[in-house]
Amino acid sequence: MKYIFVTGGVVSSLGKGITSSSLGRLLKARGLNVNMIKIDPYLQIDAGTMSPFEHGEVFVTDDGGETDLDLGNYERFVDIGLKADNNITTGKIYWSVLSKERKGDYLGKTVQVIPHITNEIKDRIKNLGKESDITIIEIGGTVGDIESLPFLEAIRQFKKDVGKENVLYIHVSLLPYIRSAGELKTKPTQHSVKELKGIGIQPDILVCRSEIPISEKIKDKLALFCDVEKEAVIECKDARTIYEVPLNLEKEGLGKLVTEKLNLRDSTPDLTEWRAIVDRIINPMNEITIGIVGKYIELKDSYMSIMEALGHAGAKNDTKVNIAWINSEELETKNYEEILNKMVDDEKLHGILVPGGFGDRGIDGKVNAVRYAREKNIPFLGICLGMQCAVIEFARHVCGLNANSTEFDEETEHPVIDYIPEQREVTEKGGTMRLGAYPAVLTENSLASELYGSINASERHRHRYEVNPEYHEILKKNGLIISGMSPDGKLAEFIELENHKYFIATQAHPEFKSRPNKPHPLFHGLVKASIEK
């Protein structure tokens, strides 16, 4: 078992996640079994209760983990399924250690950061790496952050625990480009490596993020001052698409270098399919715009997996998918139709997607967007809350009901959306929703079954509310097709409309299972329908 630790320096949001994911892809392309771990130094147990404005998307795993969005990149790049345990947080570590202390597991010893916290960190990493050839562990944050210190100490000890031949340290750092001087500056990276060495970690490989190519002179300088071999100074310049990064890093020799340093048999990586995907992304034949009607559009990372799923579907259809970010609150006015008409007339809206979310802010704008898509025959995909908004819209404007969700109005006359029965008595917020993968049975000859190519589907979920079963019949009687149900026949999983270009919604989050090489069928269908005139 081999372990690769990826740290970051100078600034955050540098691309450690994409670098780690890209390396995972290169190693998997060499036939190695790869696992991925993200360490987040915040005190939450998981990402489930964090604001999308602060942390971006909550990525849900099959086993119901509410995790950091980087796990989504790992799954997409490496094409693997991860679990809740693949996201380690400070909160999880301290919770576990303190629980053991209360049970008396430490036999009266003084519980300290070293060795108890660091041992807990190491044990989790080792347990997760048991079934893999290589485990890549990304350390969140930046070297120098006080929150990261216990994790950095733990990974420092790792080399001694498992043998230096089984451990590799990769440091991702920024080379700022001073445009007025036309120069890349190495000093911030030198200081970052110095700080890392002060903790006791000597990087084996330096991955340098930059806007422009790195000269041989700069590589020589970094090799000298950071005490790494010149061939271990890897250029990682800005790419045209994140999916081009593995190809750029392979060209720089990162995959070969890693296998050599870990004494693994190197082989020519099979990146044929990956190159074809990147080529289709970079050289599209068509171009469309999908409007995402959201509540958290100020931070685009809130919809990371949706953006990527649209990109995957676009590549499959040789189409560039532009995104028009539409603030749902702006569609709550009476002139919402005028706003959307102008976008359609200007060729800036070919399809509409209403994503998930929580709370009543901007809900009527989402409902109006659904109504516009339904009445104007605009391709539409609703996800989670988006499906609930589609049901509310249909109940109001087709069934003639004064309908709403009890999430937004507890006294609504017609609660077409209501709590899942099991959720009624739940009081705690964290980790208590209907989470993870659940199966659905699709109606034969429905749009859903046609898209999936089967009457069985499994998707990941994150919700407390459902389409109220008491209203299923009146909705169906008025033309709404409930085309997917939970196996027990109680919970509506998919809805759709007949005689519409493309109108489908799901209670699930299909975006989490889309891959560059396997676009999700619901997104593929949306893009395909939006291309057609």
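Using N, Cα and C of the backbone, Cβ positions are placed for all residues, glycine too.
Among the candidates Gly351, Gly357, Gly436, the one that Swiss-Prot lists alongside Leu385, Gly386, Met387, Gln388, Glu407, Arg464 as binding L-glutamine is Gly357. Of the listed candidates (Asp62, Asp63, Asp68, Asp70), Swiss-Prot assigns Asp70 to the same ATP site as Ser13, Leu14, Gly15, Lys16, Gly17, Ile18, Lys237, Asp238, Ala239. Neighbour counts of Cβ atoms within 10 Å were taken for the recorded positions Lys185, Lys187, Lys221, Arg464, His509; the minimum is at Lys187. Considering only the recorded positions Gly17, Cys384, Met387, Lys221 (UTP binding site) has Gly17 as its nearest partner by CA-CA distance. In the structure as shown, the Cβ atom of Asp70 (ATP binding site) sits within 10 Å of 24 other Cβ atoms. A straight line from the CA of Asp238 (ATP binding site) to the CA of Thr189 (UTP binding site) spans 17 Å.
For the ATP site listed in the record, the two most distant Cα atoms among Ser13, Leu14, Gly15, Lys16, Gly17, Ile18, Asp70, Lys237, Asp238, Ala239 lie 20 Å apart. If you compare Cα positions, Ile146 (CTP binding site) sits closest to Ser13 out of the binding-site residues Ser13, Gln190, Leu385, Glu407, Arg464.
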